[in-house]
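What TrEMBL annotates here:
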| type | residues | note |
| --- | --- | --- |
| DOMAIN | 65-536 | domain 'Major facilitator superfamily (MFS) profile' |
| TRANSMEM | 65-87 | transmembrane segment |
| TRANSMEM | 99-119 | transmembrane segment |
| TRANSMEM | 154-177 | transmembrane segment |
| TRANSMEM | 189-211 | transmembrane segment |
| TRANSMEM | 231-248 | transmembrane segment |
| TRANSMEM | 329-354 | transmembrane segment |
| TRANSMEM | 394-417 | transmembrane segment |
| TRANSMEM | 424-444 | transmembrane segment |
| TRANSMEM | 479-506 | transmembrane segment |
| TRANSMEM | 512-531 | transmembrane segment |
């Protein structure tokens with residue numbers, strides 16, 4: 001086959017999981033059973049949290065919770081933005097210098113930075129609702145003191161406390177709101193709620209327009225004074241009080257109760273939600289028991305001692321910090337924190353001073369009509385002797401225009417978010433913000449200032465929001481929350497520094513802070529070019545089967561163009577030198593996309609030519625997840641890919657499925673045999689198999705895989721390999737549940753790649769399902785014999801009778817406690833600071849279920865496996881590769 005005749009391939013790969021920092025135990029949805037009450041309603045004995053909250057319906061309760069959270073978000077926005085409006089009006093009355101103005105801003109930001117990591121820990125221990133109520137009511141009290149006090153020092157202290165307290169609702173309100181939502185509404189509700197923060201910055205100038213011009217001056221004694229700007233602050237307290245009192249009416253998050261091991265309290269909340277939403281009685285809620293799908297408590301084994309929840313939380317926080325500042329996340333951590341630093345250096349530095357510039361422009365035009373002035377001349381303009389509020393209507397109108405511009409920019413960014421690369425929006429907005437910041441110095445009229453300031457404010461606020469979404473995309477879930485806190489802390493540090501620079505230099509050397517902001521934002525725009533996505537990073541991404549498939553296709557010169565699609569960024573993947581070499585091939589094109597999103601999936605397929613073959617290796621593969629997670633990560637993702645392939649007339653679409661479709665011990669399971677999936681992944685893969693057959697014009701083939709192993713394997717045989725190595729280190733017998741006859745059929749990843757290519761090139765495989773399995777008929781006994789010989793450990797089995805009465809979840813917890821501690825110790829001794837490998841085993845791996853497949857159907861077409869069975873040699877090859885990559889301890893090597 002000549003190069004011109006070679007096909008084009010579009011290959012989608014599953015998101016990469018980096019490593020498991022802590023033990024997690026999740027229950028899936030257990031179907032409704034038995035209990036039929038007199039009403040004829042089927043009651044659910046036990047369901048998981050996501051299923052239970054889905055059964056509450058969607059109605060009045062959710063609307064009320066959303067409204068309360070919206071008021072909370074607006075209050076947070078008010079506190080973040082009021083400095084730009086009240087302090088220019090208060091400057092004359094309190095005789096504030098520019099430095100004191102900046103100090104007020106800095107203290108508020110310092111309070112927020114100081115509490116960045118506090119509120120999450122408190123919310124996890126005391127409850128979300130408790131924090132929301134207490135923080136709002138306390139903060140409203142502090143704001144009242146701030147509004148009525150004449151002391152500048154007291155004002156500064158109060159703004160610091162404001163920053164600390166408002167950080168609570170600002171940090172946890174989205175979590176509180178999300179935990180009441182069913183999975184299918186969760187993401188969209190959070191997106192819609194975010195617009196209220198931007199709306200608050202539009203409402204602030206409107207309220208200021210109505211209140212600040214009021215001529216008001218009332219004094220009671222030496223400490224209490226009421227003027228228009230103080231009245232403005234008092235009025236802004238009202239929504240915060242309303243929010244705090246409204247949260248008293250709302251219940252605690254039911255997911256919090258589940259996480260704390262109180263499913264009964266969670267059921268009380270869920271019944272209340274059901275009653276409010278449906279108008280029926282709470283006792284009619286069709287759930288009697290709630291599975292604890294989130295666990296906080298842990299068992300302590302060996303020499304570990306209980307040190308208290310606070311110490312454990314601090315230890316976990318420290319572990320997450322260490323993870324963020326080690327490879328491979330170090331690069332992403334430094335990049336995102338630097339970008340956020342430069343962004344907030346501008347948006348909360350120059351952005352907070354823009355109303356002051358409007359004030360000075362209006363003051364100059366009042367004194368010198370029909371005359372232009374530069375910003376430098378405005379900086380030298382002395383404030384009037386009169387203490388009449390100087391924040392007039394023209395200034396308010398300008399800030400309203402800026403708010404509208406920000407809303408429009410946010411709306412446009414939401415429209416383009418799924419259609420362009422991850423770095424495009426933050427890079428474009430930061431670049432526009434940097435250029436507009438520099439132009440401010442040369443402005444000579446208020447309307448020029450309005451246009452440029454609107455561009456600056458709208459682009460910088462939009463960039464701030466999109467940088468947050470970039471952080472969510474770049475970091476794994478296990479450290480995502482800490483990454484967001486760290487990024488925001490870095491941003492607040494930038495905002496504090498910027499305000500200090502403006503306060504010290506704005507009056508005498510205004511060009512310095514303006515150009516420093518412009519330079520900083522432009523540096524941030526440049527850093528956005530390095531956000532990991534696009535072709536230059538293609539060689540570092542894609543999952544286990546995917547990377548081996550690309551290596552097979554490139555090394556065999558099978559294609560003229562290959563597109564690799566992956567959501568996860570390159571810096572959080574682990575790939576050996578050989579794979580990197582193949583991914584650097586000019587025929588390989590990497591594209592970042594979230595295939596669960598239809599628009600993003602459509603964008604992933606876009607090309608100047610038609611793809612010949614589309615191979616879907618994507619899907620959620622992590623064990624122990626809930627049904628909604630698998631429904632979205634397997635069914636929705638696969639259907640999106642299949643529909644797009646059919647729409648673009650792909651010649652062949654290959655879907656990788658699960659071999660866990662039936663537990664067959666006596667005879668291998670055939671493709672046309674009874675289908676009874678025995679794993680959650682298998683269940684949702686079966687749904688994919690059923691539904692893609694109904695897609696018009698889709699020429700598909702389905703491959704059901706046995707346990708896949710080989711270079712890059714982390715979840716197939718590798719956990720067993722790691723456990724065997726640990727028992728060698730401990731000098732103990734490795735004892736396994738059940739017996740040696742438990743079937744665990746295998747297939748080498750090279751043969752999976754060969755099978756994919758084999759069916760792609762045959763028209764007679766269209767519309768059919770094939771098992772892909774080697775010739776070994778592997779079992780727990782045969783695999784254990786290889787590991788026993790490789791590591792020199794003894795292996796024993798508990799037997800079926802004893803194993804049948806074992807609590808599998810408890811056994812998995814005990815085993816993980818026993819294995820994870822020595823694994824961590826050996827990794828530390830061998831100076832392995834970060835690794836994607838783990839001995840953690842989910843209870844599903846301990847089930848007495850046989851994975852035994854009949855591969856004759858594919859072999860009858862002429863396909864033969866190149867690796868007929870697992871051997872010491874090919875298992876050791878996997879270990880040697882990981883040792884070379886420095887992710888497996890060399891001291892555990894056989």
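Cβ atoms here come from the backbone N, Cα and C positions, even for glycine.
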Touch test for the transmembrane segment (65-87) and the transmembrane segment (329-354), at least 3 Cβ pairs under 8 Å: yes
Outside the transmembrane segment (154-177), six or more residues from its ends: residues with CB under 8 Å to it: 65-66, 69, 72-73, 75-76, 79-80, 83, 94, 100, 103-105, 107-116, 118-120, 122-123, 128-129, 131-132, 134-136, 138-139, 142-143, 145-146, 189-190, 193-194, 243, 253, 485
Distant-in-sequence neighbours of the transmembrane segment (329-354), which means Cβ under 8 A and at least six residues beyond its ends: 18, 83-84, 105, 109, 323, 399, 402, 426, 430, 433-434, 437, 440, 453, 456-457, 460-461, 463-464, 467, 470-471, 474-475, 479, 483, 486-488, 490-495, 497-499, 501-502, 506, 513-514, 517, 520-521, 523-524, 527-528, 530-532, 569, 571-572, 834
Spatial neighbours of the transmembrane segment (231-248) far in sequence, C-beta under 8 Å, 6+ residues away: 67-68, 71-72, 74-75, 78-79, 82, 85-86, 89, 129, 132-137, 139-140, 143-144, 146-148, 169, 207-208, 211-212, 214, 216
